[in-house]
C-alpha cells in the first residue's frame, strides 16, 4: 500500500471537524427562516421561466440538486446560480440521477436531478427507471430544444416525455413560461404523494427564457392523486379476523413500510402480537435484524429460515410490497398455504402478482394502527409454537461461511468487519451483483433508510453515485459505506471525481473477485461453467486508481490486512477506496432458482 | 449432496471433482457437526424439508380443488380523462407494456370541456380485467374508470367499400342494416353501417358476397343505459343546447 500525498481537495481549510466544504459555506437556517424563504419563493414574481423553475424548487424546500450542464438546460442553470439550492455537478447524468435517488431515500423527500436535452436526458433514463421500480420519490428536470424545433430532430433533441412515460409516475412537457413554475411544483409534490415515484418536467429552452411574473405558489399535487390514508373499516375488520384465527402468521414488510415511515407502527404490531417477521430486500431496516422475531429477508438470496417461514405460513401479513418475482419465486408455489392480507397505498398492487384474500388499501402507518385496534387483545393469535418452529429453522439453516487463513479473504468477512466497526446508523449503499447480496446478508441492519440499493431494476454501478447522494443527505456524524463489485464499480467510477471535489467522507469497499460474479455463479449453475464474458481479469488496481482520482486507496489481500484497513479507511476524512481481493470462487447462498419454490432454496450449487 | 464430506476440513484433495477443470472449488474449514456441502451453506437439503401441499395458479390465486381455471371474458372499460396531449399514448402504452389483450380503443370529447372518454374493449381473465382497470385509473390524467354492464349501449361504425357490379343488391343490404351509401360509382360503392359489434360482423358477412375491397372500423364506444353514470361519480356536463336539467337529477353523488 502506498502512502499518497494528501490531495488539496481532501483538506478543507476550515479544518477536519468542519467536514465537507459545501456544507461549511452554507450557514444553518432555522425552521422559521426556511419557511420564510419558501414563502418568498412561492410568492415573488420570478421574471423568467427558468427563474420560476428555480423558485418552485425553493418553494418546495429543495436544498440540493444533482446534475450536469448542457445546451438546453443552460437558462435553468443560470437561474440556479442565484439560488439557495446547492447544485452538485456530477461526472455523468447517470451519477446525478442515482445520487438524487439516494438523497431522496435518505432524506425521505424527493431528490432532484437535472440534465440537458437529448443525451443528457437519455442518460437519466436508467436512474429514473430504477427509482420507478423502487417507488422512490424523485424529480427530474430536463432541458429540451426550443418549442418550435420540437419534432424536427433538432440537435440534441429526444422525445423525453415519450421515452420516460412508462418509467415515471407522471411526466410533463412545459409549454408556457407562466405555468412552468407551478408545473415543477406539482411534479415535486406528486412524486411524494401516495405511493412515491419519479416525476419529470421537460423544459424547452424558449419556455425557460420566456418572461413571466406569475408567482409559482406552494407545490401542490393534483387532488385526485392524493389517496385516502385510512383504510376501509370493513377491510380492516376482515383482515383482523383472519390474523386472529391464524396459527402460523407471518409479517412480510416491504419497502413501502420505509417509504411510508411506518417502521414504528410495524415494529409495535409484530411485537405486540408476537408475529415473526420477514422483510423483502427493499424492506431491509424496517425491522431490526437482531430482534428475536426477525428472520431477515426472504426471496432469491434471502435466508433459509425466512423462506421456510414464507413457505409454511398460513397467514401472510404483507405490508408495502409488490411481490416481485425475486421475492416470490414462482407465484404458483409462493406461500401456498397462506391467506394473504395485503396492505398497500396503491390499489393497483393488490392482487397484481399474488392474489390478496384480504386487501387493505391505505397508508401503512395508518392501517397498522387500525389493524392494531381491530385485533382484540384476547383474540390475538397464539404464536408460541410457530415462533419455536421459526427458531428451529434459524438453527438448521445458519448464515455462515468458512474461513481458512491461508485462502483468499471471504467477502462475508469483509462485510462483517465493516459492520462491526460502524454504528447502527451507518448507511450502506451497494452496486448490483454478488457483493450486493453479501452486503444485504451479512450486515445487520437495524434502522430504516440505512440500506440504499437498486432493488427492482438491479442497476450495476448504482453504489458510488448513491453513496454521493446519501453522503450529501446524511448527517455528518453518520458513516456512509459503499459496497461495490469490481464490474459494477467500473460502470460509474467517474463519480469518484465528484466525491474528491466535494471531499465526501465515503468508504467504497470493492469486493473484487475479477468476475461479474453473479453471472459467473449462474454460468456455473446453468451454463455448464462456460464463463462467457464474465471473467474480468483485466480490472485496474482500484486502490491505485483511487489515488489517481485524488482519493485514498487501500488494499486487502489477506485476512491479516482486514482489521487495519477497516480502521484506517473509516478514519480517513474523505473518499477512500478499499480494493478487497476476495475469494474469486465464493458464491451467494442460499439461492432460490428463478421461478422455483421459496422452500426449495439451494444451499450449494449441487442443490440447484 | 454427498455424505463423504462431513469432515470437510482436509477434503481439498478429493474435492472439486464435480466442477469443470478451469473452475477449481476450494474446500473451506467449517465448524464440526455441520452437514456441509462442498461449498455453500449447511442445513437440510431440499428433499429433507417439509413441503406444504397448497398451490396457486399463475395469478397467485390459491387453487380450490374444483377450480375452473383460466377463463377469459370480454370487458368494455370506459375511462374519463383529462383532454391533454399524450393521454391516449399513455393509455395505449400502458396496455402494450403490461401485455393486456386489447380488442379496440376509441377516444373522443365529452360534453365537459377538457374531458375526453376512452372506451376500451379488453379480453382478459378476471384478474387481468381487474388489473387493467386499476392500472388505467393510476394514470394521472385519468379521472375515473368504469366497467360497463352487459346491457350498456354500445356501438361501432364501419365503412365498407365493395364492388359496384350489383348496386341494387348492395343497396338492399345497406337498407337492411339501416346503413347509408356514402359513395357510389361504376366500380365501387362505399357504405356506412352503425350498430353493435354483432350487427357489424353480420353486415360484413352479408356484404362479403360482393367482394369487399376495403374496411375501416372505428372500434366500439359505449355508454351506460339510463341514469347510471358510465364511470363512477361522473358528473354530466351540459352541452350548449341542453337545458333540461330534470333528465340528470339522479346523478347527485
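From the backbone N, Cα and C atoms, a Cβ is placed for every residue, glycine too.
A TrEMBL annotation is a machine prediction, not a hand-curated record.
Checking the ranges A:167-187, A:188-208, A:209-229 against TrEMBL, the region 'Disordered' annotation falls on A:209-229. Taken together, the residues in the domain 'Thiamine pyrophosphate enzyme central' (A:236-371) have a mean pLDDT of 97 on the 0 to 100 scale.
For the region 'Disordered' (A:209-229), residue counts in helix, strand and coil come to 4 helix, 2 strand, 15 coil, using DSSP. Per DSSP, the secondary structure of the domain 'Thiamine pyrophosphate enzyme TPP-binding' (A:431-579) breaks down as 66 helix, 25 strand, 58 coil.
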